[in-house]
Amino acid sequence: MDMESTAAAIGVSVPVLRFLLCFIATIPTGFFHRFVPGGATGKHLYAAVTGVVLSYLSFGFSSNLHFLVPMLVGYVSMVVYRKRCGVITFVLAFGYLIGCHVYYMSGDAWKEGGIDATGALMVLTLKVISCAINYNDGLLKEEDLRDSQKKNRLLKLPSLIEYMGYCLCCASHFAGPVYEMKDYLDWTEGKGIWSKSEKGSPSPFRATIRALVQAGFCMGLYLYLVPHYPLSKFTDPVYKEWGFWKRLSYQYMAGLTARWKYYFIWSISEAAIIISGLGFSGWTDSSPPKARWDHAKNVDILGLEFARSAVEIPLVWNIQVSTWLRHYVYDRLVPKGKKAGFFQLLATQTVSAVWHGLYPGYIIFFVQSALMIAGSRAIYRWQQSVPPNLGLLKKLFMLVNFAYTVLVLSYSCVGFMVLSLHETLTSYGSVYYIGTIIPVVLILLGNVIKTKPARSKARKEQ
């Protein structure tokens, strides 16, 4: 294949084309995983070797050296100091990721047609941290653990080959989704939901084809829209001449356009996870039962585009990372016996921002998203306080929350896309910071206008 002419034909650089080819190669690689001889050990070795090879072909030799650092940090900490291995791995692995972000500044590389391994390193960082924390949880009393901790804790140290297979398994190595070591081991060894049953082995092909068709549609729509809504428009003198509503609508369309790129990437990852079998998440209760593939799901496209509340966004966007943040940051910051508040939300969003990179646009976006969710919660509390006999008013609050979510999400995500402080503030200022002011006002009003959930008449009589 002539890489240069092919890259030019589809409008990308040679490094990006090389990455895309290796990324798509995770699908057949995942498929052949089920046929690897040698039992669980052979499959762990296959997962590790294919991850190393595809990383080398995509990013070069240095990528595997970068991956080796957090992997060694996590494993050594588990071997040497189990009681604090979770905290040690969190601090050191995250610190190394931040250092790589600063060194490579991936956003600039993508803008200039290049690419580096920090995207894959981001996924790997979450894996090694969760593995160490779960091994740490294995020391705790079961009655002191949350349900997620009981499900994912590790009672014994994974072998080195198990650990390497988990970290480098190429089906999720490039762009996620993140999954637990416990699930990886059960899948490889044919245990848990992956054990043989009277229902038989679920066929992954229909779900894989659906994911591939979705990926093709998303990429086609992205390629169609991106020439019409380039990010460069935010600093174009023509943009400044537009009226308020036109600037606001352009922000919505630019964000919508960018999202289709992520939908494409996650659809390919979903296909690779599904066809390997790891994406299987159990059977439905229907008759006959149908296989579910939620372990691979990283985005609910319709759920995001028509989210009724900003609170729903982490449940439908980058789902597995949102789940990781809830289990390993948000929940663990809540003191026992107390409810989570704005501090836990802000801290979680800040960790997410740093994980993505140190660009001002990332930091502003995730702090802004904490305000967005808190504002949406205020609207929801007011909605819940409406008596049942005022159904029209309740529906009006639902409509307001939907419109608020669309407005503030479209406004906020500009920072995530343009990255630089100047472009972020320029775009926010062009619509008079409306997406920041409205959430702050709602949060303040929510603290002033205290409400209680309305109870039906029948419930009151009880």
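Just so you know, glycine gets a Cβ as well, placed from its N, Cα and C.
Features as listed in TrEMBL:
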TRANSMEM  7-33  transmembrane segment
TRANSMEM  45-73  transmembrane segment
TRANSMEM  85-105  transmembrane segment
TRANSMEM  117-136  transmembrane segment
TRANSMEM  157-175  transmembrane segment
TRANSMEM  207-225  transmembrane segment
TRANSMEM  262-283  transmembrane segment
TRANSMEM  353-375  transmembrane segment
TRANSMEM  396-419  transmembrane segment
TRANSMEM  431-449  transmembrane segment
Tell me if the transmembrane segment (7-33) touches the transmembrane segment (157-175). I count contact as 3 or more CB pairs below 8 A, with pairs 6 or more residues apart.
yes
Ranking 45-73, 262-283, 353-375, 431-449 by the number of C-beta pairs under 8 Å to the transmembrane segment (117-136), which range is first?
45-73
Which one of these stretches, 45-73, 85-105, 262-283, has the most C-beta pairs shorter than 8 Å to the transmembrane segment (207-225)?
262-283
Within this structure, do the transmembrane segment (85-105) and the transmembrane segment (7-33) have 3 or more Cβ pairs under 8 angstroms, counting pairs 6 or more apart in sequence?
no
State the non-local partners of the transmembrane segment (353-375) in its own chain: residues 6+ outside its ends, Cβ under 8 Å from one of its Cβ atoms.
94, 97-98, 101-102, 105-107, 118, 122, 125-126, 310-311, 313-314, 342, 345-346, 404-405, 408-409, 412-421, 423-424, 435-436, 438-443, 446
